[in-house]
């Protein structure tokens, strides 16, 4: 050991354990434009002051550990440590606090969502001093945003590729999600696309199982979409799920999709992992493929109100990692999603600049600078009666995806697709004429039934179907 190192390590070092708040709670700190800011919902254990809990989060997710170490003297902790700079109680909740933590940008590898999450949430959630912990939001500084490619193409490029403007895009998840042969699967794809849908979709757990290997599915689905394109004169797509057990296999499937000439592939970004997702997004940018993202496993992470990671954080991470579509909930369907909160992270996916708005769960102003936007996908328990609400809630830049709401039509798959397309076109026309979809939606759909027997049959089947449960994800 050099004399210089010996001196630096020994000066001011005192072994032992000290409160985190002595080093990591800094209420006078002024945040920098280059800091990554985090808002944590903290539930301390009984007897743990909120300042100590917030400081513990800052410490354990940056430079700290449970005891003083002599190697602290070999670096500048003031430069690299996370800081809990503000704590506020959560209204209406006992012993819950929002702890705001600032992280210096030098703590994170450029262009790596994997490293960002490993640092911020990788270890601290198991900390014994905390009864529960939830990451509510992140502010990503523009200096860090610029290190990411982001979505392979973005909203405008996708519309130009598809030559479709002025309305939401329509999709359908093929059901049953498991058990069909590749040929029968392709038949369902063809019928739905021929009936008027823009996309059909592999479900998230369709990979390469014994009953339907991936290569067979890719071939039959490609044949189906080319046939549907020829008959309708519209560009069609099927989300070919490239998710696989290894990154190499995933890329091999994406390469085959590109060779077939299809416009879009798909990935399960949470189960597949951020490193795999970013790799696939880069491949898609370089090779002209759109990338549809499914959020399988998200509710394991985001559904509990006081522990986990809110989906708005996972949505931001996906925009950085890369994807042109992502499932975002429906507000009106069978899956969790409160309206204001859902629209908050939908804006975080689509818009360039989003102001802080606590009424929608947005804790920080976010500037995405030149990062392309992501189309939100509304999917899960929706049908033709939901079309006015979906059109009003999500607007044109969205994908409305009806699985059972297409394939469950009493006359078959193609009539189910026709019903959805007619309902959508009726809602878009009514909106463009200045009508209020929220108030007049049912009337608009009933009137359209006069011109479409397929829509009338769908309306009759699903007239009593509702999913009226209280949302758990509330402010």
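Glycine residues also receive a Cβ, built from the backbone N, Cα and C atoms like all the rest.
Taken from Swiss-Prot as is:
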- 175: active site, proton acceptor (ACT_SITE)
- 294: active site, proton acceptor (ACT_SITE)
- 123, 173, 177, 295, 327, 379: substrate binding site (BINDING)
- 201, 203, 204: Mg(2+) binding site (BINDING)
- 3: N-acetylproline (MOD_RES)
- 14: N6,N6,N6-trimethyllysine (MOD_RES)
- 201: N6-carboxylysine (MOD_RES)
- 334: site 'Transition state stabilizer' (SITE)
Whole-number Å distance separating the Cα atoms of residue 379 (substrate binding site) and residue 201 (Mg(2+) binding site) is 11
Cβ atoms near residue 177 (substrate binding site) (within 10 Å, other residues, all chains)
14
Tell me the Cβ contacts of residue 203 (Mg(2+) binding site) under 8 Å, same chain only and six or more apart in sequence, or just say none.
173, 174, 175, 177, 178, 241, 403
Cβ neighbours within 10 Å, counted over all protein chains: which one of the recorded positions 175, 201, 295, 327 has the most?
201
At a 10 Å cut-off from the C-beta of residue 294 (active site, proton acceptor), count the other C-beta atoms across all protein chains.
28
Candidates 123, 295, 327 (binding-site residues); nearest Cα to residue 204 (Mg(2+) binding site) turns out to be 295
Neighbours of 201, 203, 204 excl. site residues, C-beta within 8 Å of centre, Mg(2+)
173, 174, 177, 202, 205, 206, 239, 241, 266, 294
I need the CA-to-CA distance for residue 201 (Mg(2+) binding site) versus residue 295 (substrate binding site), whole Å please.
14
Distance between residue 327 (substrate binding site) and residue 294 (active site, proton acceptor) at the Cα atoms, whole Å?
6
Counting other Cβ atoms within 10 Å of each Cβ, which of the binding-site residues 123, 173, 379 scores lowest?
123
Roughly how many Å separate the Cα of residue 123 (substrate binding site) from that of residue 294 (active site, proton acceptor), to the nearest whole number?
26
